[in-house]
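TrEMBL has this to say about the protein:
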- 150-171: compositional bias 'Low complexity' (COMPBIAS)
- 181-190: compositional bias 'Acidic residues' (COMPBIAS)
- 196-248: domain 'PHD-type' (DOMAIN)
- 145-190: region 'Disordered' (REGION)
């Protein structure tokens, strides 16, 4: 379903860029857009697949009709398992299959364009430096980061980029983190404390010049832009729930 893709990818960097775009689209489907994704995966429909697109978008649709397909195909029939297991387990299952599909597509390009051993190793290394979709969806990629953040929260409240606050006076900051420090000297300290934090929506690392917000339910961190929350809006949110947690509460 990516007709012109084969003609535009030739180098390791181009294949990796394609990988990142598809990965970002799938992460979006399983996090920020999880409600819409859930609804589209109707078990009453035919076999459906989740496609990540190079444009960082996602699509739930029928598999390619041509045999064999131009590209490796993602897992078939993800909609049939939707109501047969807990939502978090279903999303984790889709995430695992999506990780496998992304690797298959990337290495298909590598084989198609004659990447040698060094190029294949470099491509895999670049991919392996990113957390898997499963790690992002399950939150396992952020366990160590959370432990580090909880320790730092007791030692300093100089910056609004603190973690989950404890105590009534600082509780208002548990819902958000303002990553643009008022004191320039705190930038490096904050970057070191939160540098391993990953966005629960896009999977990208913390950056000190971006606004982040933490979910009060699952305690995952998100770029404000990924969940469409601005610093001004965050000031009026008493308890922030990410799209995934909000969707869980909305359904019985």
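A Cβ is built for glycine as well, from the same backbone N, Cα and C atoms used for every other residue.
Residue counts of the domain 'PHD-type' (196-248) by helix, strand and coil are 10 helix, 8 strand, 35 coil (DSSP-based). Residues belonging to the domain 'PHD-type' (196-248) score a mean pLDDT of 83 in the model.
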